[in-house]
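This report concerns only the one structure given below.
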Amino acid sequence: MPLYVIDKPLTLHILTQLRDKNTDQINFRKNLVRLGRILGYEIANTLDYEIVEVETPLGARTKGIDITDLNNIVIINILRAAVPLVEGLLKAFPKARQGVIGASRVEVDGKEVPKDMDVYIYYKKIPNIRAKVDNVIIADPMIATASTMLKVLEEVVRANPKRIYIVSIISSEYGANKILSKYPFIYLFTVTIDPELNNKGYILPGLGDAGDRAFG
């Protein structure tokens with residue numbers, strides 16, 4: 001199961017600031033950008049590369065690495081909380097093509113939210129995904145019930161990309177298992193796995209509503 005939990009001291013330091021209810025909007029966004037960049041570098045470790053030889057300014061020749069897949073990246077932004085996260089990913093993958101998906105869960109006021117809640121896609125603009133060539137990165141800071149992500153994955157899997165990556169900051173144990181049991185070939189990168197969901201489908205302990213905290 002390709003689950004990558006990037007729980008290193010720096011990522012956990014940034015995560016702690018994101019969880020803190022006293023972190024203001026500006027610093028919340030900045031920290032999402034920082035984690036996006038770090039997680040992008042972690043993804044780069046799994047991409048295809050070639051051994052190449054170059055000549056230095058001193059006339060010496062030496063071997064190095066050319067990550068060929070850097071030219072074959074598509075990043076999909078799940079609005080709106082993923083915007084700062086994608087900004088960070090683009091620092092790692094400046095040549096990436098970008099797509100945007102707007103999705104919303106169907107809620108009934110005053111009622112508990114089922115874990116298999118309905119989700120509808122209200123906006124979609126995705127560049128052409130080249131089958132077995134492109135590496136698609138789907139960004140969403142929070143994977144709770146995974147209902148939104150599974151809806152987006154229906155769109156992406158049909159295109160048959162080379163690899164599919166999911167980038168999140170916090171994933172619930174329930175959501176991560178649900179995604180990887182249905183799509184065991186997907187690479188899920190997250191900073192931490194949180195154990196619980198409340199009756200509204202939010203992750204506990206979590207960090208609140210990432211979109212509201214980033215943009216108001």
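Using the three backbone atoms N, Cα and C, a Cβ is placed for every residue, glycine included.
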Problem set entry | According to Swiss-Prot, which candidate in D7, D209 joins R80, R105, D140, P141, M142, I143, A144, T145, A146, S147, T148 at the 5-phospho-alpha-D-ribose 1-diphosphate site | D209
Exercise. I203 (uracil binding site) has how many other Cβ neighbours within 10 Å of its own Cβ?
Worked result: 25
Problem set entry | Cβ packing number for V33 (GTP binding site), 10 Å threshold | 19
Exercise. Cα within 10 Å of R80 (5-phospho-alpha-D-ribose 1-diphosphate binding site): which of the binding-site residues K30, L32, V33, R34, G208, A210 qualify?
Worked result: A210
